[in-house]
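Asker: For reference, the structure I am asking about is given below.
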Amino acid sequence: MPGFKRILTVTVLALCLPTPGNAQQQCTNGFDLDRSSGQCLDVDECRTIPEACRGDMMCVNQNGGYLCIPRTNPVYRGPYSNPYSNPYSASYPAAAPPLSAPNYPTISRPLICRFGYQMDESNQCVDVDECATDSHQCNPTQICINTEGGYTCSCTDGYWLLEGQCLDIDECRYGYCQQLCANVPGSYSCTCNPGFTLNEDGRSCQDVNECATENPCVQTCVNTYGSFICRCDPGYELEDDGVHCSDMDECSFSEFLCQHECVNQPGTYFCSCPAGYILLDDNRSCQDINECEHRNHTCILQQTCYNLQGGFKCIDPIRCEEPYLRISDNRCMCPAENPGCRDQPFTILYRDMDVVSGRSVPADIFQMQATTRYPGAYYIFQIKSGNDGREFYMRQTGPISATLVMTRPIKGPRDIQLDLEMITVNTVINFRGSSVIRLRIYVSQYPF
């Protein structure tokens, strides 16, 4: 029939053999004695033997045995022939009818082996290895597994049976691997991402501590899950390669990091001060050293040491020019009885002061006022000389006082001498006179 395989049903004769010494009968393998009829009946091994066929094989009962065939193979059963209609087949010569006292031969082994077995040279029924003899019907994609009295068609690990074919199982679809999975025919392999190593179970991945094994960083290595990062010591910054560290030039970040000068060093920096200053505890600010107070100056005995920001000045004693007379260490007076003093200021008072270079403006830097106020008198304040650059002006702040104002920033070092004149006018007694403060201004080199 088209589409079917004809499976030959083997008819096996069941011989009822008397047991020597008594009249009890015995059947060959694959048959059981029916005591009611005295006949040998076929044993259905497919029902009595647990898992007679394994895998995707189907058990087909045969007379005196059974057959394991693929489930996909259709079976056509031929006409059943009763083995008991003629207890002796044509293949076996008919035995002579027994006499009244037959002499039965002693039979220790069956003469016929059931299906799936064959008789060896010692008349023993041994299993037929269908897999070794290539007498199985397994598909080329399957493997043959021999069983007692038959065989089973199965698939190797990594394959499953689908419509009679062994198809590869894609283990990667089922998450067998923790990270990377590569499917191969009949198997799979797990791998790990960079920074991980495969554990002994072949599936899970463990982080690699690169800092402990390689220490790829120049300075500090910090392990992370699956990787690592490099860090630099204070004063260094990480380069673009993520491994090396280069010195950080802190001085380039801001011009206000140090009050005077910032000196960069590998991994750090420090502030320095110019001569005449010391660095304060904040390590950035500079403070003037008072050389005069600490007697760290070069002035001679006749000179006066005047401390400046960042230095000092050795001031000579004042010299009063004719017709002036020196009346103190810092004052010259022109006597009223001297005719040459008529148009001259009555007194010249010497004063010294210092300002830092580039001081912000406008700035009130000096105060001037009359010591005595006369009835009917008023006062005029002005810069008599020394203001050629128009960097100062006098602002009268009251009837008898005025303030010297610096209007432009002055860059040092520089020495300036201004004659500040106070004119006294008294209309009651028709008097007009003046006095001068000779102000010497020392501008330091630095703005601190």
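Backbone N, Cα and C atoms are what each Cβ position is placed from, and that goes for glycine too.
Sharing the record's features from Swiss-Prot:
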DOMAIN    42-82  domain 'EGF-like 1'
DISULFID  Cys46-Cys59  disulfide bond
DISULFID  Cys53-Cys68  disulfide bond
DOMAIN    127-167  domain 'EGF-like 2'
DISULFID  Cys155-Cys166  disulfide bond
DOMAIN    168-206  domain 'EGF-like 3'
DISULFID  Cys192-Cys205  disulfide bond
DISULFID  Cys211-Cys221  disulfide bond
DISULFID  Cys232-Cys245  disulfide bond
REGION    245-448  region 'Interaction with LOXL1'
DOMAIN    247-287  domain 'EGF-like 5'
DISULFID  Cys251-Cys262  disulfide bond
DISULFID  Cys258-Cys271  disulfide bond
DISULFID  Cys273-Cys286  disulfide bond
CARBOHYD  Asn283  N-linked glycosylation site
DISULFID  Cys292-Cys305  disulfide bond
CARBOHYD  Asn296  N-linked glycosylation site
DISULFID  Cys299-Cys314  disulfide bond
DISULFID  Cys320-Cys332  disulfide bond
Asker: Checking the disulfide-bonded residues Cys59, Cys192, Cys271, Cys292, which are within 10 Å of Cys262 (disulfide bond) at the Cα level?
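Answerer: So far as Cα distances go, the disulfide-bonded residues lying within 10 Å of Cys262 (disulfide bond) are Cys271.
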Asker: Grab the same-chain neighbours of the domain 'EGF-like 2' (127-167) for me: Cβ-Cβ under 8 Å, and only residues 6 or more beyond its ends, written as numbers and ranges.
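Answerer: Same-chain contacts beyond the flanks: 45, 52-57, 65-70, 72-73, 114-118, 185-188.
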Asker: Considering only the disulfide-bonded residues Cys46, Cys166, Cys299, which residue has the minimal Cα-Cα separation from Cys271 (disulfide bond)?
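Answerer: Of all the candidates listed, Cys299 is nearest in space.
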Asker: Find the one among the disulfide-bonded residues Cys46, Cys68, Cys155, Cys258, Cys332 whose C-alpha lies closest to that of Cys299 (disulfide bond).
Answerer: Cys332
Asker: In sequence order, which residues at least six apart in the same chain have a CB under 8 Å from the CB of Cys273 (disulfide bond)?
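Answerer: Expected: Gln259, His260, Glu261, Leu279, Cys286.
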Asker: Can you name the disulfide-bonded residues among Cys53, Cys68, Cys192, Cys245 whose CA is within 10 A of the CA of Cys59 (disulfide bond)?
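Answerer: Among Cys53, Cys68, Cys192, Cys245, the ones whose Cα sits within 10 Å of that of Cys59 (disulfide bond) are Cys53, Cys68.
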Asker: Is any of the disulfide-bonded residues Cys68, Cys166, Cys245, Cys258 within 10 Å of Cys221 (disulfide bond) (Cα-Cα), and if so, which, in sequence order?
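Answerer: None, since no candidate lies within 10 Å.
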Asker: How many Å separate the Cα atoms of Cys314 (disulfide bond) and Cys305 (disulfide bond)?
Answerer: 5
